[in-house]
Amino acid sequence: MSLEIKVVSASSLQNLETLGKSDPYVTINFQGEKKKTEVQDGTLDPVWEETLKWELGTKPPRADECIDITVKDYERIGKNRLLGKATIALRNVVHAAPGTPLDYDLGLLDANDSPTVGTLKLTISYTPPAGASTGGGRSIGALAARSAGVTSELADGISATPDGGVDAATVGGMPQMPQQRNRDKLSSAKTKFQIRVRVVEGRQLMGCNINPVCQVSMNGNARQTKAHKGTTTPWFDQIFFFQVEKLPAEVMEDYLEFKVCNSSGIRASTLIGSFKCEVGMVYDQAEHAILNRWLVLANPEEPTPTVQGYLKVCVAVLGPGDVCPDITARQSDQDDVEANLLWSAGVHLQPATFILTVYCAQNLPRMDAGTMQTLKEVLGIGKASKELVDPYLMAGYAGREVQTKILYTNENPEFRQNLHMGFLFPSMCNVIKITLKDWDRVGDDDTIGTALIPISAISAPGENGYLPTFGPSWVSVYGARREWELLDSNDAEKMNEGSEEGCAYRGRALLALHTQVGSYPPSPTTALDNEEFNRIMRYRGTRKFILKCQISGAWHLEDAGKPLEVEVSIGNFGNKLENTMMPSPSSTHPSNPVFDGCKYYFLPWSGAEPFVTVHCDYEDVTHRLHCVNHITAIIMTVKKNLHSLKSLLRGRRYKQEEDKEVEDCIQTALSNLVSACNMALPEVDPVRHTETSLDRHLRDRRRLELDQMKTTVLKVDTSDPQQVVVELESALDTLEVLAQEPQSSIPDVFLWMMSGTKRLAYVRIPAHSVLFAHEPTSQGTLAGKFHTYTLRKPEDETKWGVGGVLRASVWLGREEEGRDWWQAHQDLQLTVYAESYENQVISVPGSGKWVDSGVLMTRPKFSDADGRLSLPLESITFSDGWTFQGDWFIDPDPSVRFTADAGRNLFTEEVFEQQMRVPGGTWIPAPNTWADARGHPACARNDINLPEGWAWRDAWTYDLQRAVDGEGWEYTVESGLLGWSPQEKLYHVSRRRRWIRERHLVQKVEKHQETLPVDGWEYAPLFRLQFHALERKMDVVRRRRWRRRLVPTQPGLPPTPRLSIKTEKGDEISQLTCPRMYVISAERHMYQLRAHIYQARDLPAGDKTGLSDPYAVVSFCNGTQQTDRQNATLCPTWDQTLIFDDVELTGPVATTRSQAPDIVIEVFDWDARGAPEFLGRVFCSPSVVEASLGYQPHALQWYPLARGDVTQGELLASFELLLKDGEELPMLPPTRGDLFMVPFGVRPLLQRTRVEVLCWGVRNMATYELQSVTRPSIEFECGGERVISPIMANIRLNPNFDEPHLVFDVELPKEELYMPPLTLRVVDHRSFGSKPVVATAVVNELHKYSVEPRAARRKRKGKKTTLALRESTLMTVLMKQDSTASKHKDGPSYSRPTLNHVQAAREPGTVDTEIDWWAKYYVSCGQSERAGAYFSKGYEKLEVLAGALEDESRFSGFKDLVDIVPLFRGHGSHAQEVGEFKGTFRVYPLSPDDSEEPPLILDGFPSPSPQEVVARVYVVLGQDLAPKDAGGSSDPYIVVKLGKMMKTSKDNYRPNTLNPLFGEVFEVAGTLPLHKDLLVQVWDRDLITSDDLIGETTIDLENRYLTRHRATIGLPRQYHVSGGNKWRDIELPTEILKKAAHLRNLEGPVWQSQPLSLTLSGVQYSLTDFEPPDSVLPPTVGDSKERLALYVLHKAMPLVPEHVETRVLMHPAHPGLPQGQLKLWVDIYPFTKDPLPTAVDITPRQAHKYVLRIVVYNVFEAPLQETSFVGGEKMSDVYVKGWLQGTTNVQKTDIHYRCMDGDGNFNWRLVYDLKMMEAEQVMVVEHKEHPWSLHTTEQRRPPQLTLQLWDNDLILRDDYLSEMTLDLCRLPKPAKSVGGVGPSQVPQMMGDGDANSVAITMLDDHTNSINLFEAKRIYGFYPFTRIVEGRTEIAGKIEMEMEVLTEEESKLRPAGQGRDEPNMNPKLAEPDRPATSFLWISSPWKSFKHILWKNYKWYCITLVLLLLLLLFLLLFLYSLPGATIDYLIGVD
C-alpha cells in the first residue's frame, strides 16, 4: 500500500530575488513525513517530473486526511522563502479506482492564504492493500452523509418536508427496521394470539417532579405498571400478557397503545406522552418481536405532536407454533440510540445539525516513543521533532462520529474546522463525547483523553428552554498518567476513553457548539476562515491565577522503599515533569516514610509544614464557578437539614415525644431553603468576564428554577414529615442539576504522591471547590480550609485501596487576591530555602573512597533531589524581589534520622551466626562470625545493647520458622551466589543460622533518631533507593543536602521565588528552578485523641464459613493503633478506647474545631495464613473538646463501612480530640487488662437483659461441600454472650429442634439505638468430628422483639398475666389443634364441644337450590349479572384478593409469631442464600427489684414434633396461561403435591383454553414441617409427547399454620348450617371467639340473652348492630349466638376471612417471567380420625340442553327490493333466515315469492338445540378448532338469536333486507298487533336516532325485559331494522312465536322443522299465500295468467289477432300462385 505523487511542473511563480530568479523546489508533507524535490535553479516555470512515494504499511489513510504542499525558494545563505502553498484533500484519491492517477492543477496561496498567480501541476495515485474496497461504488453524497452522522438509510431515503420536518412515510416508525411480510402465511380462520409486552424504562420524560406510570392497552384491556416517584427516568421492568382470538387480519390491525402518565396529576393533565402502533407492525419484524426498542412518546392532543419522552419496550406477537424470543430487559450505555427509535405517525421530528467548531487544542502529552526521531538526531538526518503526538479530535453523538483533520507532530494544534453531526431532533442521547486521539502509522489510534458534554447541561426543554449551545469555551480532557509509557495498561485505556475517572490532565480543546434545526449537514466538515478564528480571541485571553497549598500531614502510607513527595498541579502548571512550563514551587521535599508503630507509614514534617504555590494562566471564568459554588452551598444546607430530619424520624421509632423537635427541624429546613432561593446569584463583571450565550441561558434557568422551588416549598404540608422529606429530596435533585457547569475552562487540581518521577496515588479536586471569593456563598467549600484528602491508586480496579491520606489546605484565586490568603493566615510565617544535593559515589566497592565521577556517577555533582537538574552552588542566583540570607549550610533530611524501630512498640533484634569448613570437614567459626542478613559484619548477639526505654521479652533463640534444619542452620556452597538449603551436603562449605530476640517499649522516650555525622551524608545502595544516616557495607552512593535561605527584599506580598542557573561562562541562564517553601505556625497545640470503638454489626464475611475474625485499625495523623481481634463473628463488640497522645496540630483551636483531621477506621479480617482481608473503611471527624469549657462525653454514633462504592456493615464509635495545653484532661477510661475500655458516659448504659430464643428449626438447607446438612445446631451470639441449640437428630425426619427454647442473659444497652445485632451460626455435625459452619445470619433489628418486662406491666395494669404469656399460649393452642381436649382452669375433665354437622343440618333452614358457590364468587368479583338473585337474598360475599394471601400487608406475611430469617454462606460479595431459620426472639430487661425469677415468655411451647395435617386445595380457575400447543392454546390440568403425595386432574383436563374453569378440590395429607411446601402446578396435556409444565406456585403451609391470624380456614361473613355456604370449620364461631379473646388477653366474652349481645374487652356488641330489623337473611343461617360471635370476630380480630387468592404462576426455566395466574384457596385441618366437614362444592356449573322453537307466521311491511321486468311492480321474494350467535346451524324458511305488498306468509318452524347456563344467562357453544382436533372448545356467550329478512335471487346473490338480534334473556316485550310495533321496541331509536347496531337489546333497563327461559313461551310482533345513512329505521315486522323447552320436554312435545312431521305443538298449516306467489320458472301457466294476462290482456288479444291475420296473409300468399295457375289452366 503506497501513495505516489508526481510533481510535474509549476508556472508563473513569483520572483523573490533581487538579482536573478528564484530557485524553486517543492516540499510535500503527508502523515508527518516530509519529502522534497530537487531544486530548479533560476526559473519561474520549473519542470521537475519527479515522483515521491510514501509507503503506508498496512493501515489505509482516512478520506479526510490532507496533503500539504509548499513551494519555496532555495537560499544558500539564510532562510528559504515561501513561493506558494496548497492543500489537497485525500477523499477523491482514496475513493478512486485502485492505481488510477488523478491530475491536479493547483492554484498557490501566499502566507496569508491569499491567491497568487502561480500554479502547480501534480499527479497522485493511490494503491490500496489487496482486497480493500475503495468505496468507489458509493455515492459521495451518501459518504458525506455518513460522515456527518446520518446513516446511509437516512441519506438515501429521508426526504425533508417543506416545514422542515421529516416525511412521515420515511420516519413514521419502521423504515429503518427490517420487515418480513409474513402475513400472507397466516390462516384465514380465527386464531389465538398472545402478545407479550415488557415495559423496561423511560427517559427524558417531560415534566418536573413527576411520578410516572406506564399504561399498556389493547382492545380495551389495560395493564398498568407501578408508579415511580419523583423521576424522569423510571425503571419499570414489568411484563404484561394479552390473549386474543380473532381473525389474523383483524389482530394485525389492532392497536397497542402505550401511555405514560403522571400518577399524581388529575385525569385531564396526567398524560405525559403516548405511542400507538399496530400489532402487525410488530409481527412483521424478525421473530415477530421488537426487542429493547425506544418508543418516541408524543401528546396526541397537540396540533403538532412533539416529543414528550422515550419509553423502552419489548413486544412479542406469538401465534401458533411461534417461540418467544428473549425479551429480557437490558441496560446499555451505548449511545447509538437513534437507530433504535420508533416514532408514531404525525410526530413532528425535524432533521437537525450540531455544528461543533473546533478551534485549537493545548498541552497535549507525548504519545509516541520517538525512536525514529532519536535516530535522526543521532545520525544527523534531518531535524528531530520533540512534539511526539499526531492529534486529531473526534466528536460523537447518538452513535455518529465526526473527526477533524490530523495535525502531525503538534502538541498545540490549531484545527480550525467545523464538524457537522446530523440527527433527528429531538434526540434522546444525552451526551456529546469529545475525544482527542493520536494517529498511529501502525496499529489502532491511541486515545489521548476524553470529555463528556451533557446535553441536559447545555440545553433546556419547555417553553422557556433553549437549544443545545456551548462556548466558545475550553474543554479539558483527562485520562491516565500524563507521562508516556510504552505499554499502557487496561486501566489506562479505560481512563483515556472516559469509562473511569481520569487521574491526570491530558490537554484541553477550545470548542463552540450551536444547533441548526430543519436540515441535515451537506458535508461532515468545513474549514474555518481566519476572520471566524480571530473572532474568538477574546475568549482566549488569560489572567494570572495562583494556587496555594499548605500540607500539614501525610499518613496512612504504604512502605515504598523510596523517598516520597507531594506534587500539586493544575493543568500542566506545577507538573514537575513538564519542562515546557515556567517552574513553580509545586512539590514538597522528598522524605523517607517512617513507620507509625502499627501498620502504616507517615512523612515526618515536624516543625515546618510544606507550602507549595503554582502560578498559572487561565481564562477568567470565575463568574461561572461562583454560581456553581452558590448553588453548592444551598445543596450542602439542604443535605444537612435533610440528614437531621431523617435522623429524628428514625428516632421516632423509639421516642414518640420528639414531635415538637421534628416540627422545629422541618420549619428550619424549609425556611433555610426559601431564604437560599431568595438570594441573588453572583453578578457578572463585564470588564473581567466574557459571557457566552449559554452563560445567559444558564443564569435565567437557575433563577427560574429557584423561584419555582421556593413556590413549591411554601406549599408543602408541614404536618406530613414524609412528604417534607420527599420534597427536600426532589429539591436536592433539581439543585444538583443546576450545579452543573459545562464551561469550566479551568482544569481540576491534582495532588499526587510521588516517588522520584513515579506517580503513586492521587486525588482530583474540582477547581470551583477551592476557588476563593469575597462573598462567602460564592466561595468554594474547600477553599483555604484544611481538609483530609484520600489518595487513590490509579491501578486499583476494586477502588478499595487507599494510597495515602493528606491533610491540606488548597486555595485558588487571582494573583491580586493572594493577599487575602495571607490575611486569613496571619499566624503563619513563610520560610524559603534554595536547595541542592551534593552527590558522590564510591570509587571501588570496599575501598571506602568517595568520588564525584566515574561509571557509577549517574547524577551531576550538585543536582536536585531527583538528579535531573544540575545545580552547582555557585551558579544559583535569586530572582527579583528576593535575596540570599546567610551562606550555604548542610541540612540533612529529618526523615533519615529515624531508626528502624521508630514508632514500634515491639521490635525483633536479629543477627546471623556464620560457620565454615572444608568439604566434608568440621564446622568452625567463620572469620566474620556475626553478620546481618546481607552478610555484612555485625555485633555479636551478646554485645547488642538494649536502647533506652526498652526491655527484653525473652532470651536469644534461633529461628526455626524458616527453611532450616532442627538446629536452625541453613547451608550453601558460596554465600551471596547460591541459595540456602535446609539439608546438609558434603559439598557445602558455609552455613548460618538466625538468632532473634524480641524487645518491647516499656516507657515513652523521645523518638529514636540516629546520630548523624557532622558532615551530614546520607547513604544508599543506589541513587533511586531510600537513603539512611549511617553508612553500610553495601552502600555505593551518598548525598547531602545544602540549603541557603532566601528572604524578600521588600515588605508586603513577595513574588514567587525562582532560581536561575547560569552557565559556566556566567552570562547566560541555562535553566530555572524553584526553592522549597515552608510555613511555620505561631500557634501549635497538643491534643489527645480518644477513639472509642465499641462495636460493629453486619460485617461482610471474610472466611468461607461466612464469618470473620475482625479487628479495627485506627489511623490519625502520624499514628495508627488497632483493637483486639474478635473471633468468628460478624458483629464484634470490642469495647475498647484507643488513645493517641501528644498529637501536635498547628493553627488556632477554632480552626481545628471546624477543620480537624479525619480519622481513618478500617476493619480487617484476620487470617492465620496470608494477609488480612479488608472488610470496610470509614472516615470520621473528631469532636474537639476543651476541658476548660466543661467536658461533655460525646455520644456513640453508627458510621457506615464501605468497600469502594459498596456499603456494608456499620461501626458504633465516637471520637474526642482533647486539647492538652496545660489543661487537666478527663480521667482515663477504665481498663480491662492492658486495654482501655469505652468510658462510662460514652458507652451505652447497659442493663441486664434476657434474650429468649425460640429455635424452631431450619428449612431448605443447601448442601455444603457436596454433602447434605443433616445434623445442624445453631449458635446464637449477642453482646459477647452465646448459647447453642441442641443438635438436631436428623433434618430429613424432623427439621425442628427437639428443645427449641433457649435462654441467656446479657448486658445490653438501654437505648434501642445501640442495640447490638444477634448473630446466628449454623454448624453441621458430621462424621469424624467435623463441624463446619454451613450458614450464618445477622438479625439487625433486635429491638422489634422487645417486650415490656413483667414488673413494669404489673405496675401499669396490676395484672400478672402478660401479653407475651398470652402469645405463648397461642402457639400451644395452634400446635395442639388436633387434640380433643385442652387444659384449662376447669381441670382435665373439661372437654371442648364439637360441631355435629349432621345435627346442624337438621336445624331449621331450607336449602336454596338456586344458590351455589359460583354465585357467591361472581358477586364478590363484581359480576352480579352472573349470580342471579344471590345478593338480593341476603347472602354474603367473600374476598377475592389481587395477590397471594401472604402478601397482604395486614397479615405481615404470617411472620407474627415465627419469623423467617434467611441464612447465607459465602465470602464477601459472593454470599448466597442457602436456607432459612424459623424461630423468634423475645428481649426484655430484668428488673433488679424482682426477687423472684421471672417466668419465661416463650415457655410453654409443646415439643415441636411433626404435625399431621390435611390440606384441601380449592382451584377455582386459571387466567392468561402461557400457551404450550402449536395452535396457541393449551390443555391445562392441575397437579397438587405435598411431600410424596400427589393429586392430579389429568383425566379431567380442560381442552383448548388459556382461561380454564377448573372448579377442582384436591385433598392431600402431609406432616409439618417435613412437608411444609404445597406445590400447585398447571400442566398442558399432550397426546403423544410428554406433558409440558405451564407454571407452578408454592404455598408455605407451615407459615399459615403458625400464625395468630388463623390462616388455616378463612372465616365466612355469615354462619350457615346448610346449603352451599354451610359452615366448614371444625370449631364453632363461639369457640373461636373464646379462644381468640383468651389469646389476646381480652376480657370476655360475656353473653347477655335479652336482647342477645356480648361484651368483649369492655365493648358491647348486639346482634341488631349487625343485622338491622329490615335486613334480609338467607334461610340457611344458623343460631343467632353463633352469628353474633362470627360478626364480632370480623369486627374485633384481624383474622383471615373467607377468600380466594390470586397466585402468579412461574416456570423454573423462565425465572421472573409470569406464566399466568391461578385463583384458589387452601383449607388446613389437623389430622383426625373423625370425618372432616364436607368440602365446598365448586364444581363448574353445567350447561343444560334446551330446544328453541321459533314459529315464523307472517312478515309484514317487508322492504320491496326488486322491480318486475314484466309488470314493473315492486316486489320481493321474501324469506327469513335465523341462527344463534356463535353457532353454525343456520336455518331458513321457505320463500314467499312475489311478495307484492310486503306481507309474507310462512307458518314455518325453526328448531335449534342449545346448551344454556341459566344462572349466568350465557349459552355454551362447542366447536372444534380444526377438523383434526380431538376435543371441542367451549365458548360462553349471551344467547342471542339473529333473524334476517332476505330477498331471494335465482342467479345473483340474495339481497339483504333487514334483521334483528334478540337476547333471549333480555327480550323486549312483543307487540300484540302489527300496529303496536314501533320504536319503543328498539332502544337505539329512542334517542336522536343515530346508531350503528341492529341488535334489539335492553341493556340498561331490565324491568321491561322478558327472560325466555323463565317465560318459556312468548308470542307477538317484533320489528326488523336496518341502518340507512347512520340512522336506524324499521324495515319489516314479524309475527312469530318463541318457545324454549328442556331436552326432556322436547321429547314429550315433539315438533318437526319447518312443517315436517311430526307437525305438531302447534300444527302448522300451509301458508295462505295469494295466487301470485309462485316461482315463475317452475309455473309457466301461472306466470302467464297472473303476470302477462293480468297486466297485458288487450295486448295479448291484439297480438293474437295480428298473428292470425299474419297467418292468413301468409297462407294467402302461399296459395295464391297455385290457385292462379289452376285458375288460368282451369283445373278444378
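Every residue, even glycine, has its Cβ placed from backbone N, Cα and C.
TrEMBL annotations: computationally assigned, not manually curated.
What TrEMBL records for 1944-1958 is compositional bias 'Basic and acidic residues'. DSSP states for the compositional bias 'Basic and acidic residues' (1944-1958), grouped as helix (H, G, I), strand (E, B) and coil, give 5 helix, 0 strand, 10 coil.
Annotated domain 'C2' per TrEMBL: 1-104 (among others), in sequence order. Regional average pLDDT for the domain 'C2' (1-104) in the model is 85.
Here TrEMBL flags 171-295 (among others) as domain 'C2'. As a summary of secondary structure, the domain 'C2' (171-295) carries 21 helix, 59 strand, 45 coil according to DSSP.
What TrEMBL lists as domain 'C2' is 333-469 (among others).
If you look up TrEMBL, you'll see 1068-1199 (among others) marked as domain 'C2'.
The feature domain 'C2' is assigned by TrEMBL to 1231-1355 (among others).
Taken from TrEMBL, the feature domain 'C2' applies to 1490-1610 (among others). Taken through DSSP, the domain 'C2' (1490-1610) splits into 8 helix, 53 strand, 60 coil.
According to TrEMBL, the domain 'C2' annotation covers 1728-1878 (among others).
The region 'Disordered' feature in TrEMBL is assigned to 1944-1966. Within the chain carrying the region 'Disordered' (1944-1966), a Cβ under 8 angstroms from the stretch's Cβ atoms is held by residues 1747, 1749, 1751, 1787, 1789-1790, 1803-1807, all 6 or more beyond its ends.
If you look up TrEMBL, you'll see 1992-2014 marked as transmembrane segment.
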**Prompt:** What stretch in 1-104, 171-295, 1490-1610 has the biggest tally of Cβ pairs under 8 Å against the domain 'C2' (1231-1355)?
**Reply:** 1490-1610
**Long-range neighbours of the transmembrane segment (1992-2014), counting only residues six or more past its ends (CB under 8 A)** = none
**Request:** Check the domain 'C2' (1728-1878) against each of 171-295, 1068-1199, 1490-1610 and return whichever range has the most CB pairs under 8 Å.
**Result:** 1490-1610
**Fill in**
The correct DSSP tally for the domain 'C2' (1231-1355) reads 16 helix, 58 strand, 51 coil
